[in-house]
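Everything on this sheet refers to the single structure shown next.
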2 protein chains.
Amino acid sequence: MEWIEVPDEGLKLRDIRRITKRDQAETAGIREQVENIIAAVQEQGDAAVREMTQKFDGIWVENFLVSADEIDEAVTYVGENFIKILEEARDNIQQYHERQKQETWIDTFRDGVRLGAKYTPIQRVGVYVPGGTAAYPSTVLMDTIPAHVAGVPSIAVFTPPGKDGKVNPYILAAARIAGATEIYKIGGAQGIAAAAYGTETVSPVFKIVGPGNAYVAMAKQLVFGTVGIDMIAGPSEVGILADETSNPAWIAADLLAQAEHDRRAAVFLVTPNAALAGAVEAEIERQMEELPRKDIIADSIKNYGKIFITKDRKQAIDIMNLIAPEHLEIDFAEPESYVEHIINAGAIFIGAYTPEPVGDYFAGPNHTLPTMGTAAFSSPLGVYDFVKRSSVLEYNQQAFVQIADKVAQFADVEGLQAHGMAVRRRMK
Amino acid sequence: MEWIEVPDEGLKLRDIRRITKRDQAETAGIREQVENIIAAVQEQGDAAVREMTQKFDGIWVENFLVSADEIDEAVTYVGENFIKILEEARDNIQQYHERQKQETWIDTFRDGVRLGAKYTPIQRVGVYVPGGTAAYPSTVLMDTIPAHVAGVPSIAVFTPPGKDGKVNPYILAAARIAGATEIYKIGGAQGIAAAAYGTETVSPVFKIVGPGNAYVAMAKQLVFGTVGIDMIAGPSEVGILADETSNPAWIAADLLAQAEHDRRAAVFLVTPNAALAGAVEAEIERQMEELPRKDIIADSIKNYGKIFITKDRKQAIDIMNLIAPEHLEIDFAEPESYVEHIINAGAIFIGAYTPEPVGDYFAGPNHTLPTMGTAAFSSPLGVYDFVKRSSVLEYNQQAFVQIADKVAQFADVEGLQAHGMAVRRRMK
């Protein structure tokens, strides 16, 4: 890991952006290919989806919709023990997200003036779930449950079939448990296109959420506007605030857990204690050897592992607020007392017994979090992402008369005479 | 206007998308030019901004920051009468947006498990305000006040100077009244670049909001990721639900008000009453002649004016929900009773005395609304856009021990062994 001695006067946003910068994913040449896939699905519907599934997933799928029998089979395969774990995770996630529900309100602001906000769930959403070597049932839970809690009446999962034409059983089980209403064996850019524009068998959705490879990410960007999308997630990261009370083996284990996600994952240790930092680094070297994904970990740690040595805890927090990490662990003594000073972080994990994996799977808050410093201006996925607000306005005649002339003068200043006329006609 | 007789079985989303489709704005060739402007500002800072201001705005500006004297002068120019109107609008907008504030909460969910959400204002935002022939002080109010209510400590306005090196006085007055902390005479793509990356004189912001021409819109798309942005607004639209109790002259005036915004603005009248529709059309022809912007209006009405004749009020509402208009006026008898059935609309204007201009300037709800059908999945600008949420998680040792094995099993299923190890080490 690279060591950065923070000077007494601290660092600036510009410095932090340079230090924490990561390489861009390679996307050259993808755009045109994805545009063609989307155009084909728009024009030829199911036929194009079948052809592309053959081409990219290596299997001809006649019926995309996963049957109830297939889901039953998956649930049996997954087994009672893990189904119970999924259900407990679902209950925790659901309970936390219930707190995010917002109620429609309409109030009288002045005599004859009623204003409000009407909340309505998005009527149909698509959840993209990657296939491939690793299946992430946790992603199915985290993307589907908030939509379910929001009251979205129709939640369609899109995921690529394996070469045997089947979907990973953990994904199917998680989708049922989370409350998905349909599951389609359609992956890649063709899955995003089918969700956005619809085909003979797929009704179009209004919003698409969920992670995916570069093709999926590009397709989401291209259909944005026709449908809503969640954020295009960057590679993951963790920042840990530690001091002399921290256990170096645990800190190292948490940094390694983050690093195993991706060669472009980043890990930040920010501490006023250089001895602790040294001990953590030694532990990383030792623990890494035991881990199956050590090649990925080694790349991530080498390129994007940073240790900031600060003059004190306060400066450590200032640095962390500039980093704005996706995951932030506070492992200072009396960790709760620092929460109020955290300005930028996707999720805040307090104390030694709240390692980041607790939040990935089980605790309840969403694991879809803003990455790459975007926590400075954006938020975790939540129920908020699956409802929309309509403003509500009502003036009666008397209240209208009182303001009409001011509204008309405003329109005059802006040079919009028809706006003024719409008001003045009602005064005659 | 084009008349559409809605069949008994109604219309589908696909039909509505075809009928309401608008031409794309011409943006070919802009991308590269804007990329170059952004790169120049990133590399040369203020020097590049000065050169580009000379080139695009026709004036050499040495100091971009508007002085307090300049603002005082603008306030005097605008005059006491209109300052009072601006202040009353500000108070209304502020009062409405206060209702959108969210409070940080941390609760005990189970023994030893505390979860919550911490709300923090974005620390610095940029508000882009177009210059040119028409100045829109209402936009300054609508984009700045929600940031101010959210508690954003630093709000910088970016707007192009006129050829005389000055900013429109209505914009300056509105910016002061709304609570902007700085105003910079920098417009166009160079304004967006300066806001996103900073220069010697401009500190970078974390989010940029506000409308602009094609260059500004492209620049916002290109800096997105480094900073947050609001939606790229499309051309405006209104949908009106009317029946035999409606006043055709008023309905016509409201459609004309929307049409004067832009040649690509769209206006939709949805009614079960063909006689009313005919009367409205006659009124449009008559009233149009009196309006200074009649060329723009005529284009908009001709290309994007649609009248849907439905079998009843219920079907009219179904059609309107598929259109998902930016502005929706309910001018049926007993208009309040239909609000609960509205699913998709940016803002709902109830009754004959709440014409859309009341919401543009004065009533309080935001006038920055989702356009082009995006109200099906997105919301008006609000305080929500200027705060972000951090999830908060805390397990004590006992609570951790109870779930550790389940979390580790989850990690095993997902093939993330380092995640499992981070948990298991704490069990030893």
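Note that Cβ sites are derived from N, Cα and C of the backbone, with glycine treated the same way.
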TrEMBL substrate site partner of B:Gln258, B:His261, B:His327, B:Asp360, B:Glu414, B:His419, selected from B:Ser236, B:Ser390, B:Ser391: B:Ser236
Name the one residue among B:Gln190, B:Asn213, B:Glu326 whose Cα is closest in three-dimensional space to that of B:Asp360 (substrate binding site); these are the recorded positions. B:Glu326
For substrate, with binding residues B:Ser236, B:Gln258, B:His261, B:His327, B:Asp360, B:Glu414, B:His419 per the record, max Cα distance (Å, no decimals) returned as 56
Test of understanding: give the count of other CB atoms lying within 10 angstroms of the CB of B:Asp360 (substrate binding site). 25
Ordered by sequence, the long-range same-chain Cβ contacts of B:Asn213 (NAD(+) binding site) under 8 Å (at least 6 apart) are B:Pro130, B:Gly188
Whole-Å Cα distance, B:Gln190 (NAD(+) binding site) to B:Glu414 (substrate binding site), is 46
Cα distance (Å, whole number) from B:Tyr128 (NAD(+) binding site) to B:Ser236 (substrate binding site): 18
May I ask for the distance between B:His261 (substrate binding site) and B:His327 (active site, proton acceptor), taken between their Cα atoms and rounded to an integer number of Å? 13
